[in-house]
Every structure is written in structure tokens, then in C-alpha cells.
Amino acid sequence: MLGFAQLFASRLVKALAILIAIVVMNFFLVHAAPGDPAMVMAGEAGAADEKFVEQLRQQFGLDRPLHEQLATYVGKIAQGDLGFSYRQQRPVWDILAERLPATLILTLTAFLLALAAGVALGTLAAITVGTWADSAITVVALLAYATPIYWIGLMLSLLFSIQLGWLPAFGYETIGAGYTGLAHAADVAQHLILPVITLALFYMAGYARLTRASMLEVRGQDFVKTAKAKGLSQSHIVTRHVLRNAILPVITVAGIQAGQLVGGSILIETVFAWPGIGRLAFEAVLQRDYQVLLGIFLVTSVMVILFNILTDILYGIVDPRIQAAR
Amino acid sequence: MTVPLLDVRGLSIALPPGADRPLAVDNLTFTLNANEILCVVGESGSGKSMTAHAMMGLLPHPHVRVSAGSLLFKGRDVLTMPEAEQRSLRGGRIAMVFQEPMTALNPLMRVGRQIGESLRAHTPLPAPARHARVVELLDQVGLPNPAELADAYPFRLSGGQRQRVMIAMALACQPDILIADEPTTALDVTTQKQILDLIRAIQAERHMGMMFITHDFGVVAEIAHRVAVMRHGKLVEYGAAGDVLNRPQHPYTRQLIASVPHYIEHRDDHAKSGAPLLVAEKVRKTFHVGGGLFRKSKPVVAGDDLSLTIHPGETVGLVGESGSGKSTLGRSIVGLIKPDSGRILFEGTDLLSLDAKGFRPYRRRVQMVFQDPYASLNPRHRIGDIIAQGPVAFGEDRNKALKRARELLAMVGLDGSAADRFPHEFSGGQRQRVGIARALAMEPKLLVADEPVSALDVSVQGQVLELLDDIRKRLGLAMLFITHDLRVAAQVCDTIAVMRRGKIVEMGTSRQVFTHPRDAYTRTLLDAIPGKAWHIPDDLQKAPVVGAAS
């Protein structure tokens, strides 16, 4: 267990170093933008005479040496101050805090669904390899993987909300309904179904293919032969010996994708008008709202780092050799 | 008349269409009684493992299947039993130990649980009783701290320990028949001896019927009661161990026994002449394992104070078990590894003091033959190109180099037309000949051969050793011959250095090392050679090696 704590601590220290590097890069990105931030702010505020810009520069310390500015910036970030969006007239952190839950609930649900369904389908395909069931799963996975994700989204909403009228076509909740408590949760869940399925289908296809290939490879290994020679039942061999080993590459890939997913899925959030980080980023780019963009950049980086740590820990639990190799 | 424990009658196993022969096993008949060890001997592809797999229901379904015959266990045909009943036999009444202990255990499951699975499948024991039984089994196979070991993952154990775990697993349900498929082939010679002793003791104690599959007649001499020799799926000789070993009838059996390396006959001492070709002085190499941002790496000493001299025309054997550092020294001489300290003098020049450019001319003069003939030839290149590449890289005209490649192929006993073909069209022995031709193309003075025959069947092994010896004599080559097999070293080496844990513990002429070993470890190694009490029949001791192309 000591090895485990050590592993966690060393991962955390590395993550902190990466985070600092990202913050510093963020700072230089602002300075790389054409004109200085004061010009941008002045532009956004609507008045751009030389005196006002000079005043802004003094007010925000932009006339100070670069390293002093960097120190101030890093200090602010450390206090959780991500700056102020003049475009929206609100602190960046408030904007992000409002959007983050919607993204998390959408992407995490989709991710877990994709993982569970993908591994299950991949396993099924591997144990029925060469039969019609295997072919069917492989074809469906290929289709889901190859079809553009927004098109699937559009078709699903065309079918289920416009034709059949079963589910809402867009949005996070029914606006103006004023639901509270359980009713509100049910309302959000209903809105969640289509975007989650759309997003999950794509990732599920990947996991299914990966699981199938990995299972087929593990199935040929010596220890599976040992398990058969012990007289174990087929289902026991598949779950305890084959799947457990075959899941390792799936964890690696899923860990990388989980981080990216939480960064928001711009396409899905746009198609379903989902008020999440992805759509916020899209809007911020169109509006050249640098402060918000940088805030999103930082938050998503943190998410990627967090999921990488989680993946590493999970991997350490599943594969005992990982801890020993350190 | 009692019913034999196992009665195999006319067993045939069909291979899928397009295989090199229609039947993997062809009309095989033999019996196995209780309290008996039957050794099934044959080279790779003889169908010996297939037979065992058929018994355990492990044939790669549905491509390979039993096409005729029956497998009677205590009078009942295993092949026609319902699947559930077959499963209860498997691991219950008939258990199996495999060749590769490194891969035969699930890497993600504690070894105690892996043994416990067998008990869970075949006995009604509750969990605490199962655990107690697992610890007892681990103790019986001679593992230290069985209670702790049950909670270990396989990667913590050495090869020998893993094989003991496999044996414990096979014994879990007190089987009537134990099938062991080359259980000691992947192990070091001293470990092999321990495992063989253990298997023999357990078999005698429990009066099991045992089918022991091997390619090594030394092992056969060590443990067999009866012997079955297989070739190309057919049983060619079958009888009591004493008869088959000492009075073999079938020509194939005779050939196999003749190609067993025997160390009774070794060559005359080599007359050292002239200045040494290569001198290694106090070579030291430490590898660092693991380590990262916050952790210190673990140093592993692979070579410590290694000193060695090779004279022109001399063959020096470097003998040791896995991890002894013998390959590290070989690779240092060829320049694949840079030692931490020491000197390697080639004709007086210290190779370690040279930079990459200065070292280049020496790459020609020292060439290497690798262990695995399957992995060491680029599968996408033609044989001719593989051989010519080296000289071409050193500025030789391509056509000239290709012409020379054909000559070299003839020299190593292959047809010149082989130059236009790809490696996959050749057998292991033929590929190793190509590997030797490739090394010779550079016109080296010193050949470093790292386990050149250990991946080959015994009859092919004999031919390749013969070839190496012949070429060495014809071209006046010096050779550093790295091997784990003392019997092979005895056949080809003038001088032998024995390595253990990164150190050379003994060095002397072959005759001296074999007849008057000074170091205790050398004696242990000699003592561990399987079948040393068996005297190869006189008329087979100097049998000519059959055929040139293997």
C-alpha cells in the first residue's frame, strides 16, 4: 500500500509541474495575440482613444516588466481568479462554473455508457468470433465509427423528437417549466438521452473493436490454455482470465479519451444546443473572447491531467506489475 | 488382465487443408499404466504435443480435430464423453504441466488463487479449506514460505518457482495421470535437475501414470520407464527405456541418439600460437533497472571483472545459466553494449576507447551469429541481399557482393538459388546457416556466436555445430561460443569459461574443465546434466551427421 501512496504522490507532483507549465504558456499566449491585452480590452469596451488605453495599461499593470506581470498572473490563477470577460461583463470563473456541470453530466454519462457497451459488445464478438453475431457487431461498430457524429445526432433527433415526438430535440431543460427536485432531474435526464447516445455510439464503436482485438490476442496465450487444462468453465475462463487481461489496452485508450471528452464535445453541444463548455469555447472563439478561452483552456487541461492520474491509478490496481516496475 | 490407465488406440489428428501434411498424428497406439513414466520423444512437429492436447481437449477447435481412433481413460473413451464430463476429467483426473512457465500463469492473478481455481472447479471444499490445501501443495513442491507465496503474483517468481507452481496446480486434485509437455526445456540446467527430481519423487509417491514429453534423450535417460519415439506424427519406436536407449532399432531413433551431444569425447587441447586476437580485461557492466523522477534505480551487475583471452583459431566457450552475464560480454565485444569500465583489446587496439567512426572498421572483423534464426533475418529482404548488405555498406560493389553471397551459401550447405528467396521459405536450421553466411560475408577474424543452436532441434543442432566447426577450421576463424548447454560447449570449444552472476568462476581447457573442475559451481553444472549416467551406445558415438541441408 506504501507503493500506492508513493505512486499517487509522484503523479500529483508531476501533474502540478505540468499545470504550472500550462499557466505560463497561457500567459505568453495572451501576449502573443496581436496588440496587447489593453488594446483588446479597449476594443471590447468600445472606446479606443490613446489615453484610455494608456490608463488601462496602468490599471492592469501592463506597463510593468514581463516577469512581474507573470508573477501577478500566476498569483491570481492560484487564488482561483481567471480574469474578467468584458464581452459578457462577468468574471470568467462564474461563466465556467455555470457551464461545467452540464458538460460533465453529458460527457461522463456518455463515456461510461460507451465503455460498458463497448466492452460488452467486444467481448461478445470475440467469443462468437467468425459467426453472424461477430460480423453484425463488427459491421455496426464500423458504421458507428465511420458516420460523422453530427449526422448521427441530427438523424436521431429527426426520428425521435420530430417524427415520433418522444424526446426533446435540444436544450438542457424545459425552459420556463420551473421544475424542482426530482421532476427537474427527470426533465434533465430526458434532455440528456439523445446527446448521450449520439456521443456514446461513436466511442462505443472504438472500445468494441479494441476489446474484440485484444480478447482475441489474449485468448491465444498460454495461461488461457492452462485455465482450460484446469477444467474451468468457459464463462469463468472468459471473465477471469481473458477479459481481465484484455481490458488493459482498453483502459489506456479510455483514459486518454476521457480527458478529452470532458473538455467538451463542440459538435454534440452545438447540434443539441447543450449549454456546456464545448459550446462556450465555440462562442468564445467567434467572439474573440480571449479571457474565456484561456479559462476554458486551463480548466480542460486540469481535467485531462486529473483523468490521466485516475487512469494510472486504475491501471495500477488492475495490473500488479505496474507498481512493481517502479 | 487389468485395464490400462490410458489406452490410446489408432489416434489420428487431422490438420486443416493446406498444412504441410494432412495428419498431425497418424494412427498412434500406446498405453500408459499407473505408476509409470512414459517418455514421448520427438522433434518439433512430430505431433507429440498434439497428442497431449487432444487428451486435454485443447486442440485448436475447429481447425484441428481428432479424425479417427479413441482415447480410453480407465476403459472409457474421453473423446465421446459429453463436454461437462470431459471438463471434470481435465484438471481433475488428468492434469497437465506446460513448457513455458513464464507465460503459463495468468499475470494478473495471485498464484494461490490460480491453484485454488482448480480445487473450486473439482472439489466441494469451502474457501478456507481450499486455501489451506493450496499452502500445503506449495509446500509439497518445495517452495519456500508457501503461505506468503500464495499471495504473490507470478511476476515475482523465477522460472523454476513458476514451474513448481504449475506442478502444484496440476497436483491439486490428486490426478491419476499427469501430462508434462517439455516441462524443463525452458529452464536452466540446475533448475531442470531440481524439477526433474521433484517430478520423479511426486510420481513415485502418488503412483501416478505420467506422460512426459521431451526432445532430450538425456532427460529420457534420467526418468523414463518406457519410451515412445515419434516422427512426423507416427510412432516409430516404442519399448522399455533400457531397450530404446541402449539398443535402438529404428534408424530415426539411432540418428536422434547419435546427435545427442556427449562430452565423453572431446577434442585435443588447442595449441595456442602467436599474439592473442582478443583480450578482454576487467570488463564491468552494470544495468540500471527502473527508476524515475523520484525513485532511485536498482543497479544490476551483469558483468564484473571479466577477463578473457582468445587466440587466433581458438574457440572459447562462455558457459552459464540465464542472467549470468554471458551475453553481456559477447555483446560488449561486438560493440552492441558499452561497458562501464575495463578494456577490450582487438589485435592490440582498445575497442572501448574508439569513437563510432574509429570503431567502424572493427565491425567487419568481429561478427555475430544470433540465437533466434526466426527473428534475426529481416522477413522482407531476400536472402542474397541479407548476406550482401554488410559488404555493400563497406563499399563493396553490389554485384560482386551478391556473387560472393551465392558462394557463401554453397559453403554453408545451401543451394545458390536460395539467394533469391525470402527467409520464411526456410526451416530454422537453414536460417541459421544463412545467419552464419551473413556473418562470414564480412570476412571476420572473430565470430561471436550467441546460443546459435539452442533454438534448433537436436538433429539440426548437430549439423549446425558440425558446420561451424568445419568453417572455423577452413577459414582459421577464432570463435567466442556462448551457450547455456555444457554438452554443446564440450563438442565445439577448446577453452571453456564458466560464468555465474556476472563473474567468470573458472576458465581452462575443455578437457580440464570437464575432467577436473576446480570450482564448486562448475561441478554443480556438470552434475546437473541430464542422463549423465547413461552411456550412449558405442556404435552410435561417432555416427556421421546425416545430410548437409537441414
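Cβ coordinates are placed from backbone N, Cα and C, and glycine is handled just like the others.
Unlike curated entries, TrEMBL annotations are predicted automatically.
The structure displayed is predicted, hence computed values, not measured ones.
Feature annotations, courtesy of TrEMBL:
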- A:100-315: domain 'ABC transmembrane type-1' (DOMAIN)
- A:12-33: transmembrane segment (TRANSMEM)
- A:104-127: transmembrane segment (TRANSMEM)
- A:139-162: transmembrane segment (TRANSMEM)
- A:192-210: transmembrane segment (TRANSMEM)
- A:246-272: transmembrane segment (TRANSMEM)
- A:292-318: transmembrane segment (TRANSMEM)
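Between the transmembrane segment (A:12-33) and the transmembrane segment (A:292-318), three or more CB pairs separated by 6 or more residues in sequence fall under 8 Å, so the two stretches touch. For the transmembrane segment (A:139-162), the residues of the chain that approach it from at least six positions outside its boundaries are 121, 168-170, 194-195, 197-199, 201-202, 204-206, 208-209, 265, 267-268, 270-272, judged by C-beta separation under 8 angstroms. Of the recorded ranges A:104-127, A:246-272, A:292-318, the transmembrane segment (A:192-210) has the largest number of C-beta contacts under 8 angstroms with A:104-127. Distant neighbours of the transmembrane segment (A:292-318): 4, 7-8, 11-12, 15, 18-19, 22-23, 26, 29-30, 77, 82-83, 85, 87-88, 92-93, 95-96, 100, 244, 247-248, 251-252, 254-256, 258-260, 262-264, 277, 280-281, 284-285; these residues of the same chain sit at least 6 beyond its ends, with a Cβ under 8 Å from one of its Cβ atoms.
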